[in-house]
Amino acid sequence: MSLQVDAARLTHELQVLATFSAAPAPAVTRVVFTEPDRAARAYVRSLCTAAGLSLREDAVGNLFARWAGEDPSLPAVCTGSHIDAIPNAGMYDGTVGVLGALEAIRALQATGLRPRRSIELLMFTSEEPTRFGIGCLGSRLLSGLTDAGAASRLRDRDGATLDDARQAAGFTGTVADVALPPGQYTAFVELHIEQGPLLEQRGIGLGLVTAIAAPASLRVTIDGEGGHAGAVLMPARRDAFLAGAEIALAVEAAARSTDAIDTVATTGVCHVFPGAVNSVPSRCELEVDVRDIDEGRRDAVLARVETACVDVAARRRVSVTTQVVNADPPARCDAAVVDALTASCVDAGFACEPMISRAYHDALFMSRVAPTGMLFIPCRAGVSHRPDEYAAPEDIARGVHVLALALARLAS
Ligand code: GLV
Ligand code: MN
Ligand code: MN
Ligand code: MN
């Protein structure tokens, strides 16, 4: 198959997509259902329509753009990723797997191929946990792992429910209908930047993911006693932030205690109330992220953090409550899909190597409902979730080329 990936067109589209942002360039901030997210969705829809794909959106805004195959009754081959971006992010996380998948479909269309199975681009809602505190919201609901009841209890920091937010963005359907029926897809493949340095360090252009590490997150709420920063004397204090600071250090110690390089833990959110320089913090809210490729070891870290919370609460005379937001199992990629990706690399003459994904992806949840694989491309110095995130057009084009070959193979 003589396949032409238009790297210049794709680069341009990635650049246009990056302009839909709440933060000034080069930073990208695109939180689900905010104005930049809605404008970015409209842009992606317009590109999919121009490519002749038929569009459908579900109640939470997952977008399905289908290139009908010769036999549309067969389970389709699915590919996709996300376009939402955490605060102060870059322009490649997720977007490469959405616009790259569209470019792969256009490149296949241009060869004159008519696939036997339909090929569907799936753009997932809210892969990032920024707004509702839970990652991979769209794919979780598609997989049925999270149900409509749990989704209806989600709220953002301003108190808006998921239903409020999705309906304001025009997604008014029934959340209970989002879960995919069994056998919808014969395969799912996600193209993504590595978000780590290994491919670049080894000089290898493509990584074939074999497993995705198990993520968990925890919300910790500490209630102490506020008061005047001048008048409340030190022995009388029950400072909620200082308790939170000790808990954050305990999170770090718990991750280090496993002595395993694969255990990581982060306290990435800390809200202090009332947040005034001359007021003793009365309340502190933390969000903690813990991951490991070994689920048992990850759970042991969570248990250690819970124990530390009990200890800090007693010593500092504050109340500490914890809520496990999610504790997901790791995913294994499907051998046949990994084989199809490997064969596509061989066909194209590109070197590749197997690897683990330490970041989570919508593929983690799609693996529950479809045989799943992931294709990684290098990103500069492994930097991600930062404005200086960068992937070279030639590396992106190589990933799109192999994705296209694999989609054609899986759809034949
Ligand atoms: C998703 O962006 C993750 O945190 O892995
Ligand atoms: Mn991300
Ligand atoms: Mn991502
Ligand atoms: Mn991610």
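We count from 1, first residue shown onward.
Backbone N, Cα and C atoms are what each Cβ position is placed from, and that goes for glycine too.
Where the annotation comes from TrEMBL, it is an automatic prediction and has not been curated.
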Candidates GLU70, GLU120, GLU128, GLU353, the one TrEMBL lists with ASP93, HIS385 as binding Zn(2+) 2: GLU128
TrEMBL Zn(2+) 1 site partner of HIS82, ASP93, selected from HIS192, HIS228: HIS192
Those residues of the chain, 6+ apart, with a Cβ under 8 Å from that of HIS385 (Zn(2+) 2 binding site): ILE86, ALA89, GLY90, ASP93, GLN195
Nonlocal neighbours by CB distance (under 8 Å) for HIS192 (Zn(2+) 1 binding site), same chain, sequence gap 6 or more: SER81, ASP93, GLY94, VAL96, GLY97, SER357, ALA359, HIS361, MET374, LEU375, PHE376, ILE377
Greatest C-beta neighbour count within 10 angstroms, which of the binding-site residues ASP93, GLU128: ASP93
Neighbouring C-beta atoms (10 Å sphere around the C-beta of HIS82 (Zn(2+) 1 binding site)): 29
Output field, Zn(2+) 2 shell: CB within 8 Å of site CB centroid, site ASP93, GLU128, HIS385 dropped: ALA85, ILE86, ALA89, GLY90, GLY94, GLU127, SER384
Close-lying binding-site residues around ligand 2 among HIS82, ASP93, HIS192, where CB distance stays under 6 Å: ASP93
DSSP-derived helix, strand and coil totals, residue by residue, for the domain 'Peptidase M20 dimerisation' (216-313): 39 helix, 34 strand, 25 coil
